[in-house]
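What follows is a short report on a single structure.
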Amino acid sequence: MEMDKRIYLELRNRTPSDVKELVLDNCRSIEGKIEGLTDEFEELEFLSTINVGLTSISNLPKLNKLKKLELSENRISGDLEVLAEKCPNLKHLNLSGNKIKDLSTIEPLKKLENLKSLDLFNCEVTNLNAYRENVFKLLPQVMYLDGYDRDNKEAPDSDVEGYVEDDDEEDEDEEEYDEYAQLVEDEEEEDEEEEGEEEDVSGEEEEDEEGYNDGEVDDEEDEEDAAEEEGSQKRKREPDDEGQEDD
């Protein structure tokens, strides 16, 4: 499904300003850019675009309230300065599985003063010498890199609470999405059943008309037979009458 169509479906008759979370994972980005997302989503706090074929985020709309952004498993190699401009309050950023090769690419993230957690799993930049040390030095506001702090201690539950809450809400969204999709499917099935019933009724009417016509034909044949029989009887009586007259 194309991204703009997926966004329309995810709205579920809501206005963009009513949406706080938007999951667009595994849909298609035709030109490698974010499509169908506008600055009307002013209340959006969580956006997930995992594996959608993004090569650029240059046309990301202004999302002042966005706190968590999932961009993993795409082909992004730059344009990260857009994030500081469009998402100034971003706290969690996942860029895992993208084409980020050097530290200069993530340097623009310095302007994200509230950035607390950054994930770069499976990016070439992680192969650089002293990768973790240099990233923490470059981005002093970041507390957790790939899930661990400067001392290689895993982020405690309190610091990943946002992730857990979001996952729960995502599950609820998926359930609502499934219910909505099922409702659409049920409506389509009902329409098909109604069409089938109309065809059956039409067929019965045709059969009734045929039966009625057959009945008319049978009645006509019976009348013809009766007329012939009556004529035959008259012919029999006529010779008898002639004989009586001769006598």
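Positions of Cβ are set from backbone N, Cα and C atoms, glycine also.
The following features are taken from Swiss-Prot:
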MOD_RES   Thr15  phosphothreonine
MOD_RES   Ser17  phosphoserine
REPEAT    18-41  repeat 'LRR 1'
REPEAT    43-64  repeat 'LRR 2'
REPEAT    65-87  repeat 'LRR 3'
REPEAT    89-110  repeat 'LRR 4'
DOMAIN    123-161  domain 'LRRCT'
REGION    150-172  region 'Necessary for tumor-suppressive function'
REGION    150-247  region 'Disordered'
COMPBIAS  157-230  compositional bias 'Acidic residues'
MOD_RES   Ser158  phosphoserine
REGION    165-247  region 'Interaction with E4F1'
MOD_RES   Ser202  phosphoserine
Cβ-Cβ under 8 Å with the domain 'LRRCT' (123-161): same-chain residues at least 6 beyond its ends: 95-103, 105-107, 109-110, 112-117
Message: Helix, strand or coil for Thr15 (phosphothreonine)? Use DSSP.
response: coil
Query: How does the repeat 'LRR 2' (43-64) divide up by DSSP, counting helix, then strand, then coil residues?
result: 0 helix, 3 strand, 19 coil
